[in-house]
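S.K.: Copying in the features that Swiss-Prot gives for the protein in this structure:
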type: ACT_SITE; residues: 310; note: active site, schiff-base intermediate with DNA
type: BINDING; residues: 384, 415, 416, 417, 418, 424, 425, 426, 427, 511; note: dCTP binding site
type: BINDING; residues: 425, 427, 488; note: Mn(2+) binding site
type: DOMAIN; residues: 35-131; note: domain 'BRCT'
type: REGION; residues: 126-204; note: region 'Disordered'
type: REGION; residues: 214-233; note: region 'Disordered'
type: REGION; residues: 263-277; note: region 'DNA-binding'
type: REGION; residues: 343-346; note: region 'DNA-binding'
type: REGION; residues: 418-427; note: region 'Involved in primer binding'
type: REGION; residues: 464-503; note: region 'DNA-binding'
């Protein structure tokens, strides 16, 4: 999305029901701990942050304690209420809590119930706020007296949504689709990795990953089958498909509005909603024709009932009302989060400190050295450079490196190697085929580039990553009108060159798909190596390193994974 697009998307924000709880909270008089009221003394609650957000969850916890209640874990004896986001579903809540069923006497309630209690100053009835149980679970004993009523059609009350939120007010949105509607999601327990990890992360299943990228959940493997996916199953993986075969987006008029919301939740740090929207967006982009009905939307893997309602609202009215209720903070948070070195948490901190524009931040804000550089070159960093400029930057680094040793290999990776016409930054990978001569080149090269005036600012002078050395900085080509550009220089041993080349070429989606596929084969893929016979625990976390496989070229990585080789231009997912 255009960095300025979200600012244009939210010129004004209408009052929403979510504002009511903020006003209600403002009316609650501050008291000393010893003076805390006891009207929540019978409440022993656990607040689940997923969807609610950590900052808002902590605010809930403070108010519970302030009014005499107790905060505990979901597994604690005597827990009475487990408070979840109002768009959470029953099975997903249990899965995130890692509970086979609710503890005896506990109720699973929506956060709007707690907001209403705090607004009215009393414990209100949970009817209409309890999460409905899946039909197959109704024969199991459940402590919530309203569970069956809530699951019956038409019995939930349509109450005003009230939320207890920090400034900026937390906006309501659709969560990732309920797993009860997609049985195949529960079959895959293998997890994909975060882009910056070593390839081991238990948060997102490979099934979720494929739906996120292609809109299609994988076919569950046969119970007696081997670990290797069948050829037809491989076709479902992004890494097995050329990006040139991306499906035509027949639902652009829907996805462009959902993308605005996804971006809004992302800059607010609400990763669960952002992920839910991302999965739905990619599912819609991959659908083979324009969506025309609610039933058709519900039939698409990755689209839940609530998301289908949003799709129909856009189809029927050409608009999505949620866009009118996004917090005023969103364009400011995006403005701040575009500063290099500032993530969503830092952007939120600056917003809460009262900053609303870059000028105020520059004159009054407390910035790290890296953030100050990012702010100084704010416009240059956001401006994508033409491919020809990226080639000049690579050539400058290569000439300087080969002046020390002509045998050094220097390759520009990222979007440049994938053949894109514009690039956000330049990543130059350096190695030597003899496996030794790359040593010592790192510092000499940086000194040379600084003396030439090519490097203007250092963001991270040296980042050690195993045997790899990485420099993150700013460069500028000589000549009038040249802009400052982001440049990363990575020196790697030749034994890791192929995996590093694959990793730094990307795209990020393609890499995640490769690593998730490796996991299904009992392997582990990172920027350092491809390993086989990797030992993992029941949660999918790697507990044994396995055996490093020989990968002299990228083609060997694909071959070990049973994939056809994809040229860099075919990896642009």
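From the backbone N, Cα and C atoms, a Cβ is placed for every residue, glycine too.
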S.K.: What is the interatomic distance between the Cα atoms of residue 418 (dCTP binding site) and the residue listed as 'active site, schiff-base intermediate with DNA', given in whole Å?
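M.R.: Spelling it out, the Cα of residue 418 (dCTP binding site) and the Cα of the residue listed as 'active site, schiff-base intermediate with DNA' are 35 Å apart.
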S.K.: Return yes if the region 'Involved in primer binding' (418-427) and the region 'DNA-binding' (343-346) have at least 3 CB pairs under 8 Å (sequence gap of 6 or more), otherwise no.
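M.R.: Contact between the region 'Involved in primer binding' (418-427) and the region 'DNA-binding' (343-346): absent.
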S.K.: Give me the Cα-Cα distance between residue 425 (dCTP binding site) and the residue listed as 'active site, schiff-base intermediate with DNA', rounded to a whole Å.
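M.R.: Between the alpha carbons of residue 425 (dCTP binding site) and the residue listed as 'active site, schiff-base intermediate with DNA' there are 36 Å.
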S.K.: Could you give the Cα-Cα distance between residue 488 (Mn(2+) binding site) and residue 384 (dCTP binding site), in whole Å?
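M.R.: For residue 488 (Mn(2+) binding site) versus residue 384 (dCTP binding site), the Cα atoms are 15 Å apart.
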S.K.: Around the Mn(2+) site (425, 427, 488), what further same-chain residues have their C-beta within 8 angstroms of the site's C-beta centre?
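M.R.: Result: 413, 414, 426, 428, 472, 486, 487, 504.
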S.K.: I'd like to know which of the recorded positions 310, 384, 418 has the most other Cβ atoms within 10 Å of its Cβ.
M.R.: 310
S.K.: At its widest, how many Å does the recorded dCTP site span between Cα atoms of 384, 415, 416, 417, 418, 424, 425, 426, 427, 511?
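M.R.: The two farthest binding residues have Cα atoms 22 Å apart.
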S.K.: Can you work out which residues elsewhere in the same chain, 6+ from the ends of the region 'DNA-binding' (464-503), have a Cβ less than 8 Å from its Cβ atoms?
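M.R.: For the region 'DNA-binding' (464-503), the sequence-distant neighbours (Cβ-Cβ under 8 Å, at least 6 residues beyond its ends) are 340, 373, 377, 380-381, 383, 385, 389, 392-393, 396-397, 409, 411, 413, 424-435, 438, 441-442, 445-446, 449, 453-458, 511, 514, 525-530, 551-554, 556-557.
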